[in-house]
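Asks: Under the heading domain 'AN1-type', TrEMBL lists 7-55, 95-145. Taken from TrEMBL, the feature domain 'C2H2-type' applies to 266-294.
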Amino acid sequence: MGTPEFPDLGKHCSVEDCKQIDFLPFTCDRCHLVYCLEHRSYIKHHCPNADKKDVTVVICPLCAKGVRLIPDEDPNINWETHVNTECDPSNYDKVTKKKKCPVPGCREVLTFSNTIKCRDCTIDHCLKHRFGPDHKCPGPKKPESSFPFMGLLSRSRKEESKPSRVPATSSSRWATSFLNAASTVRASAEASMTKLSSELSKKWQIARDGVGLSSSSSSSSSGSAGQVEECPQCRVKFSSVTALVEHVEKVHGRNNHSRVFKMSIDVCPKCSKGFRDPVALVEHVERDHGGTSKA
């Protein structure tokens, strides 16, 4: 076999009925024997190890998943292992039922290449109905009102109108606390104005009465001379009521009014109309501007 130059060149076929010498023999990767060109396949030389490296996959009728059968092992054992561990019947509908276009009358199956998601309604459609007029798109969702108190006040009003008491949510609690704070600011501003006006009127009355009493009797004038008047705003002391009244008018008269109004006035961002009460501003925006504060 071979030539003097290449004594190992060529081998005989391992098939008993063939034994043909082949200079380019084939070695089977399963039984590791040498065969000629005609008997190189598993079927031709009846290879006993042909199915040892085969991969067999069975589709489960319950979950539509592939079950791999291990060679040299009972298929029933592989099947029981799959059913007891990873079989999920709810996956059957996901695999077998194909997603279709939601347009009435359209039977197009949505795949990777023909699926378009609408930017407005965010629903998948086929290529034929990808435009809004074709699938009667309702349009983008309307954003919530940008005015910060609108939704909270409406929710709090609805909850108050209900006969049964429901536990208040965080938003309703925040709206209630805001309304209470606004009412407190308004009440404190009105109280300070009333207190200031009443004190001024009292001081004026005392000043007018004190001047007459001091000129009529010396005993009362000696008693009033020792009395000290104190400013209710800055705690500055004065020897007479007249000086105290002049001090309040000059120093605290305009400052108090301007400070109170700065604290309580809120301006509408739409029409620049001022409101002392924040609740009145909210009702104005709902009534006159349709519930939006955008300019």
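Cβ coordinates come from backbone N, Cα and C, glycine included.
Let's see these features in context: how buried, what's close, how far.
Replies: Helix, strand and coil residue tallies for the domain 'AN1-type' (7-55), in that order: 0 helix, 8 strand, 41 coil [DSSP].
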Asks: Looking only at the domain 'C2H2-type' (266-294), how are its residues distributed among DSSP helix, strand and coil?
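Replies: Tallied per class, the domain 'C2H2-type' (266-294) gives 11 helix, 4 strand, 14 coil.
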Asks: Which whole number is the mean pLDDT over the domain 'AN1-type' (7-55)?
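Replies: PLDDT averaged over the stretch: 87.
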